[in-house]
Amino acid sequence: RPDVVLMDIRMPVMDGLTATERLRRRPGAPEVVVLTTFHADEQVLRAIRAGAAGFVLKDTPPARIVDSVRRVAAGDPVLSPAVTRQLMARAAGGGHDDRAGRADRARRRFDQLAEREKAVAVAVGRGGSNAEIAGSLYLSVATVKTHVSRILAKLELNNRVQIALLVHDAGLLDTDGEDAGGLR
């Protein structure tokens with residue numbers, strides 16, 4: 001069983017996003033890094049929502065692709081810099097009505113968490129590693145990992161990228177990626 005699958009979006013029988021959705025629904029599914037020439041907003045968001053832990057463009061140097069696979073295998077999400085810039089631009093200027101509904105839904109889901117889980121989720125949303133989160137919240141790394149696992153289970157998410165997306169959608173980060181919800 002592989003730990004990580006490198007998935008292309010364009011495939012002959014089934015597109016890579018559908019394959020990712022189906023694969024990630026299976027128990028013990030490997031992590032998925034989507035590798036593609038395309039980085040349209042909807043493809044990136046669909047890949048993340050499907051459970052992909054990474055989205056890397058094909059023009060990425062081979063050594064960086066290998067590093068991305070290793071980082072995902074270690075539990076860290078990976079997005080190509082161009083994809084990150086694109087998502088930030090979308091978040092800063094996307095449709096207000098759609099954002100309001102998405103924020104409301106995300107807030108309701110977020111409210112299912114215990115206070116400490118909320119603080120950990122926001123720290124994940126800021127991009128903190130387990131060690132960084134542990135240091136900032138005065139917890140052990142093992143405790144942070146436990147909280148992350150509980151967040152994933154409670155909210156039926158697949159990975160840290162989806163936690164970060166939920167925190168962002170809930171409006172809990174300001175434009176600089178800092179805590180906008182008063183959580184610590």
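Heads up, the Cβ atoms here are built off N, Cα and C, so glycines get one too.
Curation does not apply to TrEMBL; its annotations are automatic.
Copied over from TrEMBL:
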- 1-73: domain 'Response regulatory' (DOMAIN)
- Asp8: 4-aspartylphosphate (MOD_RES)
- 106-171: domain 'HTH luxR-type' (DOMAIN)
Which chain-mates of the residue listed as '4-aspartylphosphate' that are at least 6 residues away have a CB under 8 A from its CB, listed by sequence?
Gly16, Val34, Leu35, Thr36
Per-state residue totals over the domain 'HTH luxR-type' (106-171) - DSSP helix, strand, coil:
48 helix, 0 strand, 18 coil
The domain 'Response regulatory' (1-73), counted residue by residue under DSSP: helix, strand, coil:
31 helix, 15 strand, 27 coil
Segment-level pLDDT (mean, integer) for the domain 'HTH luxR-type' (106-171):
91
